[in-house]
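Per TrEMBL, the features are:
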DOMAIN    11-344  domain 'Major facilitator superfamily (MFS) profile'
TRANSMEM  12-33  transmembrane segment
TRANSMEM  45-65  transmembrane segment
TRANSMEM  77-96  transmembrane segment
TRANSMEM  102-123  transmembrane segment
TRANSMEM  135-160  transmembrane segment
TRANSMEM  166-185  transmembrane segment
TRANSMEM  215-235  transmembrane segment
TRANSMEM  250-269  transmembrane segment
TRANSMEM  281-300  transmembrane segment
TRANSMEM  306-326  transmembrane segment
Amino acid sequence: MKYTTKQQLNYTLVLGLLASLGPLCTDLYLPALPELANELQTTTASAQLSLTAGLIGLGFGQLIFGTLSDKLGRMRPLLVSLVVLMAASIWCALAPNIGQLIAARVLQGMAGAGGAVLSRAIARDLYSGHELTRFFGLLMLVNGLAPIFAPVLGGVMLTLMDWRGIFFVLAIISTLLLVLSRLRLNETLPPERRNQGGIISMIKSIGSLFGQRQFMGFCLAQGFVGAGMFAYIGASPFVLQDIYQLSPQMFSLCFAVNGIGLVIAAQTSTRLSLRYGELQVLKFGLGIAGCASLLLLLASALHAPLVVLLVALFFSVIVMGIVAPMPHRWRCRIREIMRVALPH
């Protein structure tokens with residue numbers, strides 16, 4: 001099906017915004033974590049648990065909305081996810097204690113996953129070949145830039161409002177996206193192409209991947225490096241703001257610098273893998289991860305100046321950009337398995 005230039009721009013704008021929902025829900029309120037902990041009279045660990053809760057919801061939400069969108073079409077699950085995201089964001093903003101905030105964050109993460117999953121699903125319905133590759137490149141750019149600018153925006157917002165205001169802004173964003181999606185997007189998966197296999201077939205297809213040793217090796221490497229990445233995301237607001245006395249705005253800038261480094265590392269990794277092979281690039285990235293972790297450990301143990309800690313953090317974070325990109329042949333393997341297990 002051919003789309004006019006105006007229609008393509010509409011889809012690009014709306015799908016790009018939908019793809020940014022996950023990073024926005026995770027990173028927009030990071031500078032406010034210390035303030036949040038103080039107001040709710042809770043511990044640092046409990047405040048960090050609100051971040052973990054959102055990530056757990058984000059993971060399960062991708063499975064839920066991905067399966068529903070293949071079975072029911074794209075638009076109904078998308079609109080439901082945005083309504084739930086709006087309600088969950090308001091619940092976060094009004095939460096009287098950390099327990100309710102954590103519960104609301106799980107729901108918010110699940111709903112935010114709808115935008116991430118369905119933006120890609122709709123793109124696959126609309127495009128193929130070079131156009132699909134180009135559009136996915138745009139979505140990857142959005143996913144790379146959103147985590148960089150979200151904390152900066154959150155830091156600026158804290159000069160105008162408290163942490164609850166950030167969640168109200170997320171509710172407004174989800175409402176606007178609900179209206180845009182309803183007005184600008186159409187159903188892209190006709191009934192005859194919908195899958196009737198259900199979640200059991202999906203679980204079986206995912207289970208078949210566990211027998212792929214090289215695939216699991218890449219996943220474990222990404223998992224361990226990713227664990228360090230999310231430890232940084234959860235702990236850095238408290239370490240840099242409470243211990244080193246950085247303002248929320250300065251913390252946001254430090255976070256943004258690391259994010260820019262991660263994006264550059266990811267682009268460099270792709271080019272290096274074409275020249276030296278994916279396995280060699282992976283080994284190189286893991287070597288940097290080990291050295292950066294050792295430097296970070298020494299900087300913490302010796303109470304090194306802030307600049308040393310920031311350098312160690314920088315190299316610890318950019319490693320994710322080197323290790324995280326999934327090797328192309330295993331992406332193809334996943335698609336092959338899913339296509340066999342879940343025929344349309």
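Positions of Cβ are set from backbone N, Cα and C atoms, glycine also.
Automatic prediction, not curation, is the source of TrEMBL annotations.
Sequence-distant neighbours of the transmembrane segment (77-96) (same chain, 6+ residues past either end, Cβ-Cβ under 8 Å): 18, 21, 25, 40, 61, 65, 68-69, 104-105, 107-108, 110-115, 118, 164-165, 167-168, 170-171, 174-175, 177-178, 181-182, 185. If you average pLDDT over the domain 'Major facilitator superfamily (MFS) profile' (11-344) in this model, you get 83.
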